[in-house]
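Taken from TrEMBL as is:
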TRANSMEM  133-152  transmembrane segment
DOMAIN    179-328  domain 'Peptidase S54 rhomboid'
TRANSMEM  183-204  transmembrane segment
TRANSMEM  216-236  transmembrane segment
ACT_SITE  SER247  active site, nucleophile
TRANSMEM  248-267  transmembrane segment
TRANSMEM  274-296  transmembrane segment
TRANSMEM  308-327  transmembrane segment
ACT_SITE  HIS312  active site
TRANSMEM  339-360  transmembrane segment
Amino acid sequence: MDRSSLLQLIQEQQLDPENTGFIGAETFTGLVHSHELPLDPAKLDMLVALAQSNERGQVCYQELVDLISSKRSSSFKRAIANGQRALPRDGLLDEPGLGVYKRFVRYVAYEILPREVDRHWYFYRHRSCPPPVFMASVTLAQIIVFLCYGARLNKWVLQTYHPEYMKSPLVYHPGHRARAWRFLTYMFMHVGLEQLGFNALLQLMIGVPLEMVHGLLRISLLYLAGVLAGSLTVSITDMRAPVVGGSGGVYALCSAHLANVVMNWAGMRCPYKLLRMVLALVCMSSEVGRAVWLRFSPPLPASGPQPSFMAHLAGAVVGVSMGLTILRSYEERLRDQCGWWVVLLAYGTFLLFAIFWNVFAYDLLGAHIPPPP
């Protein structure tokens, strides 16, 4: 149902004869049932919640239009929150007769979203098309690239110690800073099977559910922002080191999700959340520690500096700032939020500083970078 047909139906039924801008919730609900309008159960539940947020049990016309057109502004969310006590107490866990895919959708809802009203909204509005193609495509591309270089170099662990590895046009190397694509394409290269396995596992276990809930555009933006911030941070803080691996993007996703879980601890219904939180932090810290060890204490002779670990930390910062803003804005327009513009301004300032640094600082500081392969 579009906005014009909804307006016409309201006028025909004289639901607001005095033009007050408010419509009785019970009257509209009866109209929905009598005309068999295609309004899903989640929206009917929210209609009741909106009515409960009003002293007279009425719904603001604009909020009703937003509900029908699946728009959720900040004021809409506040109205829902005020009337949330009217929502049904039975959760999605009690939903009977679900198929395998719908059970997976329910699992994703409880893993990612902290509020029951949002879980209902996602569960009833979710469609399998388009599928979460971004994280799956990135992971598949990383695996293919790794297999190609593994077969070519005949080396599957610590590939960066092979003299031919750094000649790849995908690797970020400080001697090739002018080739701007390397600041992003390094995410397809990995130190070895252990780093690829860790990143691929997190991308599929955390990235895919996040993409299912928040959409391709937001999650791809967050992931690529973490990747770009990782290489630029290395170019500033560890000027002689190359970078490989998708850890900047992975840590952006994981840090955003973990921060969202902590800030909404009481509302999250995922099982064993404390144990899983501790396990995730231990694994992420271990991966950073491993990267630090390989950077400063290489176990094998190497022709130059080994990849930096600063991309991990930069990705985590992007996740806690930009990522948390995205995850806390489920089904809301980011452009309407002041915090989003603050984050974008900070990220844009960092990008400009990093660009000027890469253009001028290496020569001004006389940095001794290893010759490019």
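The chain as shown is numbered from 1 upward.
Quick reminder: no glycine exception, Cβ is built from N, Cα and C everywhere.
Curation plays no part in TrEMBL annotations; they are all automatic predictions.
Keep in mind that this is a model prediction, so the values were computed, not measured.
Counted as Cβ pairs under 8 Å, contacts with the transmembrane segment (308-327) are highest for 248-267 among 133-152, 216-236, 248-267, 339-360. Counting only residues at least six positions away in the same chain, the Cβ atoms of GLN195, ASN199, GLY230, GLU287, ALA291, ALA311, HIS312, GLY315 sit under 8 Å from the Cβ of the residue listed as 'active site, nucleophile'. Among the stretches 133-152, 274-296, 339-360, the one making the largest number of Cβ pairs under 8 Å with the transmembrane segment (248-267) is 274-296. Long-range contacts of the transmembrane segment (274-296) within its own chain (CB-CB distance under 8 A, at least 6 residues past either end) are made by residues 158, 191, 194-195, 198, 238, 241, 247, 251, 254, 258, 261-262, 305-309, 312-313. DSSP assignment over the domain 'Peptidase S54 rhomboid' (179-328) gives 110 helix, 1 strand, 39 coil. Sequence-remote contacts of a segment are chain residues at least 6 beyond its ends whose Cβ falls under 8 Å from one of its Cβ atoms, and for the transmembrane segment (133-152) they are 159, 164-165, 168, 170, 187-190, 193, 196, 199-200, 203-204, 207-208, 210-211, 216, 219-220, 223, 246, 249. Within 10 Å of the C-beta of HIS312 (active site) we count 23 further C-beta atoms, all protein chains included.
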